[in-house]
Amino acid sequence: MAASLRKLGALLDKDARDLLKNPTMVVAVILPAAMILLYHFVYREPLAVADGDPAVRVLIDGLFLASALCLSVGMVVSMTLIYGIAEEKEKHTLRTLMLANVSAGQVALAKGIVCLATTLVVGALCFALTGVGWGMFPAFIALTALGAVPVILLGLVLGLASRDQMTAGLYGTPILLLCLVPMFAPIAPEAEAVAAYTPLGGVCELLRLLLEGSLTPEAAALPLAVTAAWIAVGAVAFKLLYRRLAQDN
Amino acid sequence: MEARQDQAAAAEGAAAGGGSAPARGQAGSTALPTEYASAADLVRGELGAGRSVHLECSRAAMRAAREAVQEVAGARRAAFYLEDDGGFDRDTVRSYLRFFARLAGDGAAAAEAIDHFGLRGRAGALVSKLTAEERVLLSFARMSLFDPEVCFCERPLLELGPDARQVVLGWIGARSEAGTLFVTCGQPLREALLMPGRAFWEEEGRFLAAEVDDADDDAEPAFEGDEVRVCKIAAKAGDVTLLLDPREIDFIESANRVNYASVRGELYPTALTMDELEGELERFGFFRCHRSYIVNVQKVAKVERYTRNTYNLVLSDARHSSLPLSKGRAEEMRDRFRWK
């Protein structure tokens, strides 16, 4: 147990340090933040209207928060986690770790924890840029963490399935797109129809209900069930595949 | 101890079951297995018997050997060096080794490993900026952190110059004396013979023991002094027959049942037997340092000793070649050339 914790500590430290030195990380932080800043220009008129109309304010805040959540989770998982694991496979460092008596589970756990922490940091930065009142921050950050769990599990599987960083680009794109669908739900009815059933659809719906003040156990049941289902899918996929995928190229 | 002997007996029994047959140079009374049907059988047999083993083999056999080492090592502390090991590019030598030292449970050991493998001057360098030789040294430094009981290395000496080779062979020798079992793969037989333990070579999927040196099995021809006479060694280069001046020859190597003369780093096959070559070349200052090697003593730059039973001759030829010097012949060589 002590040896496992020691190895996990070493892996967490290594992954966290590596992330700070990784140029891809800069993109994963800058892109969501830049998108939120861009929204302020794109939605200049609705924002002006929202100042005097509480109904528009709820709509606009919902749009900004859903975007902040989806961009943070989607960009960080697809750009740091999937690419990060693929890079380790490509350069055989994952194999070196395995041969140094580190288990695939320990590697995945460390990468998952670092990815979750990074997602929350990027999410907090994006939240600050939305201009939404800080009263919503605890709920936003909690829902970001909850929504990130299934995406991280899927990201771990896809990262381990990637032979190299080129393949990671191929596998990461669907995850990113799937994460971004709920962003467009408030402005595109077609997206709204499927958004609720995407990995982040449940938490975005909970966020909207919170903003509207209509979060009741009945209303929350379906979004929570969708989120739980995605967590289950991610966990099962990870459990079934991680040992096989964590093999040498 | 008893269990270990049982394990050794069982392993040797398994080797016999795997189709062992006497190969060239079989050591008579000790009856060590001289042939194995596969790399996996070889590793299981030799490691199981507590012997280090070194293979001249194909890439596929290297992989099979590595998997067998993983299987045999089990819960024992094992360390692996694979020739395409990358390393975390954004790490420095220091941070890379500190990370593995933490994994191994002794964070302070990294500095010692850096010093031991001569990486102090490169401790702050990024792993991605290291030369091929420095990467190998880094990998050996990493392995040293785990205080391994079993060590697997692919082509360990391939990228190493004379100094780095000395560091690595020195470490292998010291660890071997301390009880670590080594399995090395993919190197030429000459390099395999430099390591402590037994050497094998692959022929059509089977693994044959390299000639075991036995100083007593052949009557050595008497040394006849420094009489000089005309002598040329016939060797092949494509369709051309070369007549080599003995003074140009750095050493003679016997590998895969063919004898080669090494001249300026190139190997030329010759039809003469090792005994014939030894008889012809002895008067030109050549010495049979191993059953498979005859060295031009004028080209020997230094004699290295890594374990009680392991001697190497380092030549001043184009490739700074290292040749094995059998324990039994080391004394004879000292006497003949009056080395104190």
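Backbone N, Cα and C atoms are what each Cβ position is placed from, and that goes for glycine too.
Keep in mind it's a predicted model, so treat the numbers as computed, not measured.
What TrEMBL lists as transmembrane segment is A:24-43 (among others). If one looks beyond the transmembrane segment (A:24-43) by at least 6 residues along the same chain, the residues whose Cβ comes under 8 Å of a Cβ in the stretch are 60, 63-64, 67-68, 71-72, 75-76, 79-80, 83-84, 118, 122, 125-126, 129-131.
Feature annotation from TrEMBL assigns transmembrane segment to A:63-86 (among others).
Look at TrEMBL and you will find A:65-214 tagged as domain 'ABC-2 type transporter transmembrane'.
Among the features that TrEMBL reports, transmembrane segment is placed at A:107-130 (among others).
Positions annotated as transmembrane segment by TrEMBL: A:136-161 (among others).
The feature transmembrane segment is assigned by TrEMBL to A:168-188 (among others).
For the transmembrane segment (A:220-242), the list of distant contacts is 104-105, 108, 146-147, 149-154, 156-157, 160-161, 196-197, 199, 201-203, 205-206, 209: same-chain residues at least six beyond its ends, Cβ to Cβ under 8 Å. Look at TrEMBL and you will find A:220-242 (among others) tagged as transmembrane segment.
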Positions whose Cβ lies under 8 angstroms from the transmembrane segment (A:168-188), at least six residues beyond its ends: 59, 62-63, 66-67, 69-71, 73-75, 77-79, 82-83, 85-87, 151, 154-155, 158-159, 161-162, 194-196, 198-201, 204-205, 208
Residue counts (helix, strand, coil, in that order) that DSSP gives for the domain 'ABC-2 type transporter transmembrane' (A:65-214): 127 helix, 0 strand, 23 coil
